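Below you'll find the structure, written out as structure tokens, and then a few comments.
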Amino acid sequence: MKYDFHTIVIGAGSAGLMTAGILTNLGAKVALIEKNKMGGDCLNTGCVPSKSLLYRVEKGADFSEMMNQIQQTIEKIAPHDSVERFENMGVSVLKGSGKLLDDHRVEVVLNESDGPHRVISGKNIVLATGSKPRIPELDGLQRIPYLTNENLFSMEELPKRFIIWGGGPISMEIGQAFGKLGSEVVIISRGRHLFKRDEPEVDPVMKDILAKEGIRFYLGYEPVKIRETAENQGEKDFNLTLRNRNTGEEKELTGDKFLIALGRISSTEGLGLKNGGVEVNEKGYVKVNKHLQTSTKNIYACGDVVGEYQFTHMGGYEAEIVSKNLLLPIQAKADYSKAVWTTYTKPQVAHSGFTEASAKKGGKLGKPLYKSFEEVDRSIIEEDRKGFVKIILDRKGRIIGGTIVSNEAGEMIGMVSLAINKKMKLSAFQSLIYAYPTKSEIYKSLAVDHLQDSVRPWQRKLLKKWLSR
């Protein structure tokens, strides 16, 4: 059967754009369908504006000016993801909604100005429709103009009392940023611990730092009711009732802005998954195998819609896997044991590979190693001494995981990722020459400590005898 395209990609976020770009550059005929803005969540309401905010908070600026600068940053980066750029590559970009009619045909309901509806066919289809904020049921929420990442960066005035519901990375980043800008910040979480995906040593360090900056935490609580109060200087405040999940005790908070940051759910509504024979898992994410192939063999999925690791760079990684599998006879597998992420608080929290718990569960744990930045000269100079490096070794002494808490953790984690991918032992860190003074010297210090701990008593005795000759 002859198809209109080799591959139809639905969704032009980071995963969809990369898939379309790779396939087109390697000679495939590709259609890319996007109903909203090119670049998806990352460019327009996620990574780019949030990291721009964090950068400008440190620089210091008027709030309204800062928000304008964030939009200017988005506009500067937008051409990288634009329709024009991808059409110049040779991609057929269709602005509208895509719906599966079967396993090869897609109906495209084009946006008004782009012409009539179309039905196109493809040998393969890639679902990359991303995710959206998860909004829970809460009594009274429909009457409160709450915030999510989708409208957070459209605020015109700095909140006075900013309440954030959620204990994940976004809450930590945004909470710290607005605290530094002058808002009274409260963070509410059902769980007792923050940074749940990271090593347990992260939680007390970061909780202490954020609390000392004035952020208040209600951990083990969940909102049960929200109500608007009387107008206060032109802004409508709200009362939020919390309930302790263990004791049932209730508390009432008052705020003027309410951010919901409770994770994300897949964006698959109207996609016609059943028409294409595509199954979803119990959480509503598109079900895929290790090759990122759905329950229909010629339909693949990548990015947030899969729900494995909802990070831009992981979406890019999955796009590479999908592209290989669409072009090559040997099917590549996604390996999430090498996943990497960074939470851009100050200090940053970065991780790659296995945690101690996941290594132990998988039967891979050899030894966890821990080193504080307390005695690292560069950390002393910059007063960045509260963090640490934790390295996980397997039974053969190879590096299989690492966590870093430091102002430059996001940059430093790359070395750990390289070591994991190249199956290096910790001795490789010891043999390198490190510029002084840099925080990367902690790697050598950690390796030396491990070597000293590994020397057995009889080896020390033999060495001492040799040196005394």
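Cβ from N, Cα, C; glycine included.
Taken from TrEMBL, the feature domain 'FAD/NAD(P)-binding' applies to 6-315.
Within 10 Å of the C-beta of C42 (disulfide bond) we count 26 further C-beta atoms, all protein chains included. Taken from TrEMBL, the feature disulfide bond applies to C42-C47.
The annotation FAD binding site is assigned in TrEMBL to K51, G98, T129, G130, S131, D304. The number of other Cβ atoms within 10 Å of the Cβ belonging to G130 (FAD binding site), over all protein chains shown, comes to 25.
If you look up TrEMBL, you'll see G166, G167, G168, P169, I170, S171, M172, E173, G263 marked as NAD(+) binding site. On its own chain, G166 (NAD(+) binding site) has I187, I188, S189, L259, I260, A261, L262, G263 as residues at least 6 apart in sequence with a Cβ closer than 8 Å to its own Cβ. Under DSSP, G166 (NAD(+) binding site) is assigned to coil, being neither helix nor strand in the three-state scheme.
Here TrEMBL flags 341-445 as domain 'Pyridine nucleotide-disulphide oxidoreductase dimerisation'.
Taking the mean position of the Cβ atoms of G166, G167, G168, P169, I170, S171, M172, E173, G263 as the NAD(+) site, the remaining same-chain residues with a Cβ inside 8 Å of that point are I164, I174, A261. If you draw a 10 Å sphere around the CB of D304 (FAD binding site), it holds 32 other CB atoms from the protein chains shown. G130 (FAD binding site) sits 10 Å from C42 (disulfide bond), counting Cα to Cα. A gap of 10 Å separates the Cα atoms of C47 (disulfide bond) and I170 (NAD(+) binding site). Applying DSSP to the domain 'Pyridine nucleotide-disulphide oxidoreductase dimerisation' (341-445) sorts its residues as follows: 37 helix, 34 strand, 34 coil. The local packing around S131 (FAD binding site), expressed as other Cβ atoms within 10 Å of its Cβ over all shown chains, amounts to 23. Binding-site extent for FAD: residues K51, G98, T129, G130, S131, D304, maximum pairwise Cα distance 31 Å (rounded to the nearest whole number). Across the fold, the C-alpha of M172 (NAD(+) binding site) and the C-alpha of K51 (FAD binding site) stand 13 Å from each other.
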